[in-house]
Amino acid sequence: MESSKPKNRNPMKKPVSITMEHVLLALRETMDEREIRIRSLFDFFDNSNLGFLDYAQIEKGLASLQIPPEYKYARDLFRVCDANRDGRVDYQEFRRYIDAKELELYRIFQAIDVEHNGCILPEELWEALVKAGIEIDDEELARFVEHVDKDNNGTITFEEWRDFLLLYPHEATLENIYHHWERVCLIDIGEQAVIPDGISKHVKRSRLLLAGGLAGAVSRTATAPLDRLKVVLQVQRAHAGVLPTIKKIWREDKLMGFFRGNGLNVMKVAPESAIKFCAYEMLKPMIGGEDGDIGTSGRLMAGGMAGALAQTAIYPMDLVKTRLQTCVSEGGKAPKLWKLTKDIWVREGPRAFYKGLFPSLLGIVPYAGIDLAAYETLKDLSRTYILQDTEPGPLIQLSCGMTSGALGASCVYPLQVVRTRMQADSSKTTMKQEFMNTMKGEGLRGFYRGLLPNLLKVVPAASITYIVYEAMKKNMALD
């Protein structure tokens, strides 16, 4: 935004006291006129003249208002209005909701309207959003104002503000108002860097990125034994059970053997997250249209390309990690990292650090596509059959994310096995040769070695990531 925008104000400072008289004055209506307006709105929903509203009437009324799906909260609105929980909303309950909501909306309207001229100017809205931790550019601000400003005069009156949010049953904070269509689901199962949703519009994006990175590091460390077990099983040609492999790892290195390679796995988080985020932000305007909205397919494309770039950049670390996890201990000791890296460079050349990159990149877009499709489907199913049209909360979203992530990982798992075997093999085996060797020697079963520990780590990895991320946000004052 231009430097002429007002500075050093506190637009979120609350007025001393807000009464219904303030609301009437702002709306330029009398108490009787307001009563008629509220009664008309109630009658609009009560089109059967029952004298009360049920959930079906509220849902039907919202649908006839042509409110976009992301703004529909029929179940929540019904629950908030039904104060005595008798399954129906009478006029007095409906009126009490409207009274409380209009007072709440006027309170935040006054907090944004620092000039106190009865309307919100774009620069006032911009400053309030920034104070709330939301950073938007001129085009996004113009679209936001245009959405609320019904008479298109460039400012927002309280009447327009009220009409936009009157049927929004949740707390009307600025962050809720701007982000209530966004859903956060942070899932890290140790395969690729996770970028927190909504981060690109947050002024403290670097701190959010740090919080996500630290959460991923803690999660990967906690699930490192399962990761080591998975990799060891993936490279074994002969059938080997989980328990014999666990005993083998214990015999070689005792407890620390289960954490071999975890240091590199954690070190990958920061550069991979940073590269993926920066690449994603650069690709968005190239893929998006004039309105800046890239849509679901655009997000999938931009995310896939950003993920491929990040994966390529940190791939040598991933290969060395695999070699470290799969090589045999010498004299009961794990090989030194620097010696292992040097041996690869000297014996196999620099190209060896990119063995298995192609199958790794091949799996990125299918994994993301399956993950996204499954997540949205599960969320819709939970909304329909479990929550009765209420928006799913963090726990449901986390469960949907874990399930979709596990499904996506399972579908592309054969590519992951081929990649791991190519990484661990010092010979110049191509992807096609590795596929043929596995199919010929082990059949389809060979492509799913290590799948069990991979799936077992999904729940703890995702849960730990989510808990640590939320705790970090709280400690960094990012909520």
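Any Cβ shown, glycine's included, is placed from N, Cα and C.
Taking the topological domains listed in Swiss-Prot, Gly257 lies across the membrane from Gln397. Using a Cβ-Cβ cut-off under 8 Å and counting only residues 6 or more beyond its ends in the same chain, the topological domain 'Mitochondrial matrix' (318-355) has close neighbours at 228, 231-232, 235, 252-253, 256-257, 260-261, 263-265, 268, 311-312, 420, 422-426.
Other C-beta atoms found within 10 angstroms of the C-beta of Asp82 (Ca(2+) 1 binding site) number 21, with every protein chain shown included. When DSSP labels each residue, the topological domain 'Mitochondrial matrix' (416-449) comes out as 26 helix, 0 strand, 8 coil, counted as helix, strand and coil in that order. By the criterion of other Cβ atoms within 10 Å of the residue's own Cβ, the least surrounded of the binding-site residues Asp86, Glu93 is Asp86. Packing around Asn84 (Ca(2+) 1 binding site) is summarised by its Cβ count: 9 other Cβ atoms lie within 10 angstroms of its Cβ, all protein chains included.
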